[in-house]
Amino acid sequence: MTEDVKADAPKKLSIQRRTKTTVSSTTTGGKSKEVQVEVRKKRTVKTDIAQQEEAKLKAQQEAEAKKIAEQKAAEEKARLEAEKAATKKEADEKSKAEKAKAETAKPAKSAVDSKAKFVDPEKEKRKAEEAELRRKAEEVARQKAEEQARRAAEEAKRYAEADDSDNESSSEDYSDYNLSSRYALEAEDEEDRRNENRGRGKNKVAKAKKGGRDDENSKNSKNERESNRKNQKDAKFGKGKNGKKGTALQQAFTKPVQVVKADVVIGETITVAELANKMSVKATEIIKVMMKMGEMVTINQVIDQETAQLVAEELGHKVILRNENELEEAVLGDRDVNAEKVTRAPVVTIMGHVDHGKTSLLDYIRKAKVAAGEAGGITQHIGAYHVEMDDGKMITFLDTPGHAAFTSMRARGAKATDIVVLVVAADDGVMPQTIEAIQHAKAAGAPLVVAVNKIDKPEANPDRVEQELLQHDVISEKFGGDVQFVPVSAKKGTGVDDLLDAILLQSEVLELTAVKDGMASGVVIESYLDKGRGPVATILVQSGTLRKGDIVLCGFEYGRARAMRDENGKEVDEAGPSIPVELLGLSGVPAAGDEATVVRDEKKAREVALYRQGKFREVKLARQQKAKLENMFSNMSEGDVAELNVIVKADVQGSVEAIVQALNELSTNEVKVKVVGSGVGGITETDATLATASNAIIVGFNVRADATARRVIEAENIDLRYYSIIYELLNEIKAAMSGMLEPEFKQEIIGLAEVRDVFRHPKFGAIAGCMVTEGVVKRNNPIRVLRDNVVIFEGELESLRRFKDDVSEVRNGMECGIGVKNYNDVKVGDQIEVFEVVEVKRSI
């Protein structure tokens, strides 16, 4: 088309288009009227655009031809230069070779002249070597020239490809231009149509009668305009018809062939979400894996290190376990290691069944009346005392409770001890707590010395004790074993000296030593909260010397030793190995059994204590969440279970533990004891408020409520109980639980009547004439009708008469008329059994 356009052609070409149509319209009178409508369209085409396009295309072709010519010239030039260089190099080498040949020929000629043409083999060899060198040099020059020519050709090819891409882009621009010009023409046609429609719509009444046809036309034209505008815009930015970009503009990323397995660093505790984040997987994947392992978890649940390691290894990751207590190890490891060890006194724990005379024996040894001070003569917590012998030797005694509730306290006593003295009553023999004490001693690896107590009683039988202990692998020396049996009487003091000698002999065999001058370490035997002095801990020093002013790290607590007292309440400035002391100055009440260690830096001690608290909280939370999930379905199936809420306050930590454990063991399937709060020290207003909120009873063990707490307790009518003996506490809690049990109902037969005759009454139906053979027949009690000792009806009486009078009851041996409600099939020989439902109280 562009080639046919001549140079003298007009710049613009206008085309007129005229069409005539007839439109019939209805007038107001109902007659149809025909109107002649002439439509004129004018289109102008600019011819110079085609000329510009032709000129542009010609310029592009010329530029392309020029580039191709330049490329060929460059290739030819590079080839000629390479050939020229190779020829020049070859000529140079040839001239050099000829020159060398001429030089070598001169002496050869003179030699021939002088020696009658003698041929030298060395010269022949040199000639061959020179020829070889020349050939190699020519080969290298030729290869170099070929390489240069190849590079020049590649570069020319790259330029040609770049030119081709430029030509393609210019042709795309040209097609875009054609496309846009086509859209411009369509837009002009649309504008003409819109002007015609505007001219037609002058008569508004007629437009209204058409029912909105023009509105639809205008809507359609508007949609078309928007569509055209969008298409034009998309064409400009290289998009397709549906608005999506072409594939040439899209970036594609290849999916990795396999998942990258990273190293996972796991601390002591971690949540499921954190573990998923570290492994770059979804949390649901971890939950699925743990469900396969039999564990139900949530996304925010804390799991321990071992579980997290199993999950990570299951998913194919390498696990790095991180030890979070590095600071703790560093602080505890900073000790005096080169200090000299010396012989120390033995720590002896006296264990045995309740009321077998442990405290009385220790009392006689200490020469002080302690047993009278204990409530009911029962030891409620560990007492620690040290006794000095006549020869200057010292023994430290720990007195543990014998009651079943104090198992954990006995276990602590056995762990802190060197020798266990097992007290067995000669008249009572081996009892449950005796067996338990033997097990604790074996678990702690402490040797036993058996004290057979109460030998002064007439019914005492020490031989029976030895026989019974044989069944529990406690073999006396008499039977070839290594356990010393010493008969004693705590009341009269018989055999006590022999017992002390046996203890010292056993300690010499053990060769007990400890560092005396280093930093102290020990174990908390007992702890409590004193109202005036604050937290008090009874610490048994095991190595080193504990001095006043030392910084002590004790479980979750820390502090400076402000004051120390011995078992008699006397102030002391230091305590060496095997000496028990009461320590004041800790930040809180430590748990009995915690290790007490002297450290150098108070700041680091605080950091370690806070770290331990946080770790304990996380582990406790993880355990609670696990228990909640595990018990969820069982709790749903159990339904409502009665709960007895209790708040426990005691004088020492060990007693709190023992009472809470004993109360939890009292729980049954119907009534559960829930300890909502426990602590060491007096009963405060906070405890009373908690009891009000949780509807709990407050149990005080060797403690009392202060004035503010008493006011709240009286105002809210809270049940407050004080105890000093654990037997009474447990029995009363059992009674309270029994009151919460659902009552049982029992049926008791109170009377029996035999049917002798049956009368028919028009109003009451069948009336049984009966003789009361047993008990009393009562009018308002339920009855059963028996025939041949088989119950055939159960209901109630409608009437009970004696002669013509209505009566409430008829006694044994009397006749009466009985009408059974809703039952008329009474026969002679039947028995009418009268019973009552009695409530039976249950107990635990």
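A Cβ is built for glycine as well, from the same backbone N, Cα and C atoms used for every other residue.
Note that the structure is a prediction, hence the values are computed from the model and not measured.
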Candidate ranges 352-359, 624-631 [criterion: Swiss-Prot lists as region 'G1']: 352-359
Correct range for region 'G2' (source Swiss-Prot, candidates 377-381, 492-496, 637-641): 377-381
For the region 'G1' (352-359), residues assigned helix / strand / coil by DSSP: 2 helix, 1 strand, 5 coil
Number of other Cβ atoms within 10 Å of the Cβ of Ile455 (GTP binding site) across all protein chains: 20
